Amino acid sequence: MSDPTYPAFPILTFFAAVLVLIPLPWHLQSLNAGTCLFMIWTAIACINLGINSIIWHSNAIDWAPVWCDISSRIIVAVAVAIPAASFCINRRLYMIATIQTVSITRAERHRAVIIDLLIGIGIPLLQVVMQYVVSGHRYDIFEDIGCYPFTYNVTLAYPLSVVWPIVIGLASAVYCVLTLRAFSKRRAQFSEFLSSKTSLSPNRYFRLMALATTELLCTTPISLYGMILNLTASHVHPWISWEDTHSNYSKVAQYPALLWRMDRSSVIGFEMTRWAPFACALVFFAFFGFADEARRNYRQALSAIAKLLRIRTFYSWRSAPSKVESLPSFVASPLPPYTPSPSKNRLLQSESGIACIRNLQVRFVCSRKHSRNSFDIIFSHFYIITA
């Protein structure tokens, strides 16, 4: 059975990985640890799933055991890493909304970054360790999907692995509600604090809140659906011992697409898991890829590339000084006085004729300048619409 999403899925996931990393440089400059972690984890998830879909397209052969060990652990980590990054974003927004002083010290900013890194990196790594406790065997390979971690459906698997994306999502939801409540009570001090911070404008603040809320509404229901499916679709075994769970750990189960696609719940679960990072990347780029700071950085990057290639861009042409805004060079140049001969036009000898010529020159310059200003106005409207 052929995969209907191939080759669209790997192409789109690689494209999404590039898109989500575009705003990374200016978020790194602002020390937005939660936002940077969200971008990096989402890109890693997209690249991992895209590579798997290419290697195991129309086959379930164990081509790369080492890669599968790494890839399956990435899937486990990403399951909590993206919710953890969203939690860091909501936590930071709550701290800003409830700030007691307008200014914060450099030490406080560094402390906040360290805490976000411990949450956004430490929890996923801890999740990998805890999932290994209830991992029945090495990994599974599903045709058209690729490597996938196996979690033995025992009672201990739920507190160690299954429930953590839901717990992190609910904690993030609590921060989100508290942030909205604090913002409604302290709008004046909130605006004063944001105006004193160059790295976080009110526009970016509300975009971060919208991003975290959207991620919360998408990933938490998926995790809840997966837990319900594990509880109802198969029997939950009691935890006996480490030896019982890992008795055949070197096993690698291989499933052809014809077999696993017969189960509708498996198809829904796999497709939701595969497309969730892609959706997160698109949502993030929609919030931050078209913002003012993004367009400003795009222009700077375009100008730098054009300067390297010695190409004049439309922005450099627009910002360049215009020659028609000043009088032509022959009007201002110190030419020797000209005395027309009697055979020439009499108009040049009269003061009114000279004044007429000067008026024509001024009208010419003003008309050209007026047309330039009109073009600038038309261009600015076009820029706003297309941006």
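Backbone N, Cα and C define each Cβ position, glycine as well.
The transmembrane segment annotation in TrEMBL covers 6-24, 36-58, 70-90, 111-134, 162-184, 205-228, 272-291.
Highest Cβ contact count with the transmembrane segment (36-58) among the listed stretches 6-24, 70-90, 111-134, 205-228 falls to 6-24 (criterion: pairs under 8 Å). Counting same-chain residues at least six beyond the ends of the transmembrane segment (70-90), those with a Cβ under 8 angstroms from any Cβ of the stretch are 33-35, 37-38, 41-42, 44-45, 48, 51-52, 116, 119-121, 123-125, 127-128, 131, 139, 146-149, 161, 164-165, 168-169, 171-172, 175-176, 179, 208-209, 211-212, 215-216, 219-220, 223, 273, 277, 280. If you look at the transmembrane segment (272-291), the same-chain residues 6 or more away from its ends with a CB under 8 A from one of its CBs are 9, 12-13, 16-17, 19-20, 22-23, 27, 38-39, 42-43, 45-46, 49, 53, 75, 78, 82, 145, 203-204, 207-208, 210-211, 214-215, 218-219, 222, 225-226, 387.
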